[in-house]
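Listed in TrEMBL for this protein:
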DOMAIN    44-506  domain 'Major facilitator superfamily (MFS) profile'
TRANSMEM  47-69  transmembrane segment
TRANSMEM  81-101  transmembrane segment
TRANSMEM  113-130  transmembrane segment
TRANSMEM  142-162  transmembrane segment
TRANSMEM  174-196  transmembrane segment
TRANSMEM  216-238  transmembrane segment
TRANSMEM  274-293  transmembrane segment
TRANSMEM  313-334  transmembrane segment
TRANSMEM  346-365  transmembrane segment
TRANSMEM  429-451  transmembrane segment
TRANSMEM  463-486  transmembrane segment
Amino acid sequence: MAVAVMEPVLERLEEPLLGPDGEDRRRSGDVMEMLQQYKSRWRAIRIMYLTMFFSSVGFSIVIMSIWPYLQKIDKTADESFLGWIIASYSIGQMIASPFFGAWSNYRPRREPLIVSTTISVAANCLYSYVHLPTSHNKYYMLAARALVGFGAGNVAVVRSYIAGATSLAERTSAMANTSACQAVGFILGPVFQTLFTLIGENGFTWKIIHLQVNMYTAPVLFGALLGIINIVLIVAVFREHRVDDLGRPQNSINCEEKENDEVGQETQANIDHVAVVSTNFLFFVILFVFAVFETIATPLTMDMYSWTRKKAVFVNGIILGAVGIESVIVFVAVNTLSKRTGERAILYGGLVIILVGFFILLPWGKQLPNIQWEDVKNNSIPRTAFSETLALFWTLQTQLSSNNTVETTGCPIIQSWCLHTPVIHLGQYITTDILIGLGYPACSVMSYTLYSKILGPKPQGIYMGWLTACGSAARILGPVFVSQLYTHFGPRWAFSLICLDLPSSS
């Protein structure tokens, strides 16, 4: 990759320097300038990698704790509203991506990057105060997550910059690295959340500014700190560069030169639009499935294993942390393996692994989960229309014991499927975690790699914006889909439809 980029420099070095000393110094200075530009260009690209990683961490760092925190601050919220809160991030991102992308076409990219990151920092600070209002707390949380997603609309800016700042030989690898940073951020975010569970649910309060720092607010404050670091790097280190297909420096402008319009139109005409649409659809399915898994992990373990809020956040954080390490290994391995088997084989193999994972997660056997009402035993619950009466009794019992500080655990009886759906054993859940940790990163990296090759050498900002919109749409529909289906029909229906959806996408 680097050799291809430095070929113009090496050619300059091989030229005989027979001119006067002044000419020798001029040529030597030109070579040094090209080397400095090369280093500065890749320094800027690596800052874009960090921007993508920080943005992903900002999304996933609270995924495991949103549900228990929502239960704590607003008793009126249910799993259905949880889906909307998680989807609000992607709604904000889908709205903001075209806006920031268009901005970056006419102004230096530093501007939309700084503004978008500032919005994310402010939104994270808002999230840390959602417990203060006396009512409608769930709507404040919804607004905070939507604004975090709006700030994450800079993903389109990042990808369009990398497309314009890399040569044809570098572009596939750079796009793959970008998607790898994004995927690692999604997966490793819960690791930071796990560390913050050590603070506990109460934590401590900074009374001067009414800031409560606990296991729920500390992660977003950490996300705000990462955003501030990102802004400093963009202001102090980031320098915009643009190169042609051979890696030769071009003027750093954010739109195509007029003389290149005809070439660009010819390149666009040669793009296989059927393959573009197919890859966008496939990417939508991959992100949809992963969003479903992220959303349902905490409620599922609390219902199936009678875990408390704190235990669910802590254990799921450890599990996803291990999956994150596994995914890093996969990212390293697929680059080598794809050279032997091809990108498509890796992509289809990853889809099969994810399908097997969700099939294993289906409820089997006859053992029922514990019901979230200590006076009701599983073997004495009538599986008839009496379930509605039991739901009424459970509601009354909850109201009478509202002053009790003991947290109730188990599968809520108001979810009627708890009365007849077998428990998903912990071994099934962990096995699915492992398989998704293998399949998802392979599919994610190969999707971007194939997409970049389909598009060819033309700057890919517009098309990458489409791909980002597809991913955002998946993260909108996935949480809403699974939260509604899981609440009303249970995990059997939710995971069965996933198993039917995956084969159709391939």
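Cβ coordinates are placed from backbone N, Cα and C, and glycine is handled just like the others.
In TrEMBL, annotation is done automatically, which means it is predicted and not curated.
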Top Cβ-contact partner of the transmembrane segment (142-162) among 81-101, 174-196, 346-365 (pairs under 8 Å): 81-101
Cβ-based contact of the transmembrane segment (81-101) with the transmembrane segment (346-365), 3 or more pairs under 8 Å: no
Cβ-Cβ under 8 Å with the transmembrane segment (346-365): same-chain residues at least 6 beyond its ends: 282, 286, 289, 334, 337-338, 421-425, 428-429, 431-432, 434-436, 438-443, 446-447, 450, 490-492, 495-496, 498-499, 502-503, 505-506
Reported mean pLDDT - the domain 'Major facilitator superfamily (MFS) profile' (44-506): 78
Contact call for the transmembrane segment (216-238) against the transmembrane segment (47-69), three or more Cβ pairs under 8 Å: yes
Contact between the transmembrane segment (274-293) and the transmembrane segment (47-69) (3 or more Cβ pairs under 8 Å, separation 6+): no
Positions on the same chain near the transmembrane segment (174-196), where near means CB under 8 A and six or more residues out: 45, 48-50, 52-65, 155, 158-159, 162-163, 166, 215, 218-219, 222, 290, 294, 313-314, 316-318, 320-321, 323-324, 327-328, 331, 335, 437, 440-441, 444-445, 447-449, 451-452
